[in-house]
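I have placed the structure first, in the form of structure tokens, so that the comments after it can refer back to it.
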Amino acid sequence: MGKRWDSNSSGSWDHIWSGNDTQHPWYSDINITYMNYYLHQPHVTAVFISSYFLIFFLCMVGNTVVCFVVIRNRYMHTVTNFFIFNLAISDLLVGIFCMPITLLDNIIAGWPFGSSMCKISGLVQGISVAASVFTLVAIAVDRFRCVVYPFKPKLTVKTAFVMIVIIWGLAITIMTPSAIMLHVQEEKYYRVRLSSHNKTSTVYWCREDWPNQEMRRIYTTVLFATIYLAPLSLIVIMYARIGASLFKTSAHSTGKQRLEQWHVSKKKQKVIKMLLTVALLFILSWLPLWTLMMLSDYADLSPNKLRVINIYVYPFAHWLAFCNSSVNPIIYGFFNENFRSGFQDAFQFCQKKVKPQEAYGLRAKRNLDINTSGLLVHEPASQNPSGENLGCRKSADNPTQESLMEETGEATNSTET
């Protein structure tokens with residue numbers, strides 16, 4: 001795996017292992033430095049395994065359920081849900097390829113697999129992370145168009161598929177240079193102690209081998225800009241515009257609308273808080289890892305600082321970043337009332353007989369679409385012959401307020417069944 005998504009390969013080990021303190025997992029000789037196969041004491045290793053298993057379990061279960069619910073329920077085959085489905089797929093890849101390999105890299109010395117696995121795993125890890133981030137941006141764009149510009153046509157299913165193809169194509173393009181530069185290298189001055197019988201083995205690392213440090217820095221900067229800085233800026237700007245648009249919806253209400261203002265105000269607060277949660281989670285989960293990667297390439301750190309960063313700080317930063325893939329199904333799915341109804345339908349959790357009024361309500365809910373941050377939007381019941389949605393709006397009087405009610409999962413007074 002490359003230096004981008006794991007810790008042992010994140011820096012030059014020529015400057016990390018030094019000293020002859022036998023309390024640490026390395027021992028120095030005149031020309032050779034020996035290190036233990038396991039990098040940590042058993043209790044530290046147990047903490048690493050437990051914490052990574054927790055997010056792995058949440059990631060696999062949560063995102064698998066999201067995929068199952070979207071596939072099983074035909075009424076959930078909508079534009080926003082396809083984006084959420086794509087997000088779940090990319091997050092599943094993060095769980096399958098990033099979490100176990102990174103955990104292994106955090107607790108043992110060296111790369112235990114071959115050269116082909118080095119390139120493949122590094123490429124898939126980078127692609128899955130990039131695709132997950134780009135899909136978050138696509139979801140934000142979809143919600144931004146619907147709430148801020150409610151009179152404009154919604155994205156069609158065809159357009160959504162094109163965007164998904166572009167997302168994966170862009171992710172592959174961005175991460176290909178990393179896969180090309182990934183190589184398994186033998187450490188000439190380091191060996192691994194396999195047992196107490198003084199048996200040793202050659203150490204191999206899977207890491208990017210750039211011609212010079214300047215090229216590595218340029219590529220790291222490009223990744224930082226395209227996978228973190230630009231997506232973060234777009235998400236924050238669009239969600240801020242959505243929040244501002246929702247905040248202004250009831251400024252000029254009269255008559256019957258005044259009776260609804262208190263309820264609408266509560267809905268606004270709920271939506272705005274959820275938007276802030278999405279943005280903050282994205283910022284906080286990825287910022288430490290990107291900070292470390294930029295420091296590794298640009299800062300002139302001492303050997304002791306490099307050792308501490310690679311052995312202790314990087315594992316936590318990766319764990320925090322991977323948490324984003326574990327909480328995404330909760331934020332974009334299970335906080336959504338309509339999604340929970342779809343979950344119950346898919347797994348046949350509803351045991352009691354549904355009353356006629358409740359059946360009507362369930363049919364109405366099935367015209368709702370999962371939205372970002374647990375928000376909902378009605379999918380228009382009528383479409384033109386080409387399959388294009390006629391628009392996000394439901395009311396010409398106050399389309400943004402109507403979008404607000406729909407965004408929060410409240411059924412409007414529609415007569416469609």
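Cβ coordinates are placed from backbone N, Cα and C, and glycine is handled just like the others.
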Message: Of the cysteines CYS118, CYS146, which is paired with CYS206 in the disulfide recorded by Swiss-Prot?
response: CYS118
- request: Scan ASN20, ASN413 for the residue that Swiss-Prot records as N-linked glycosylation site.
  value: ASN20
Task: Report which of ASN8, ASN371 appears in Swiss-Prot with the annotation N-linked glycosylation site.
output: ASN8
Message: Looking only at what Swiss-Prot records, is PHE247 on the same membrane side as LEU39?
response: no
- line: Note: among disulfide-bonded residues CYS118, CYS206, least Cβ-dense neighbourhood at 10 Å is CYS118
- line: With the cut-off at Cβ under 8 Å and a gap of six or more residues from its ends, the chain residues touching the transmembrane segment (46-66) are 40, 84-85, 88-89, 91-92, 94-96, 99-100, 102-103, 106-107, 315, 319, 322-323, 325-330, 332-334, 343
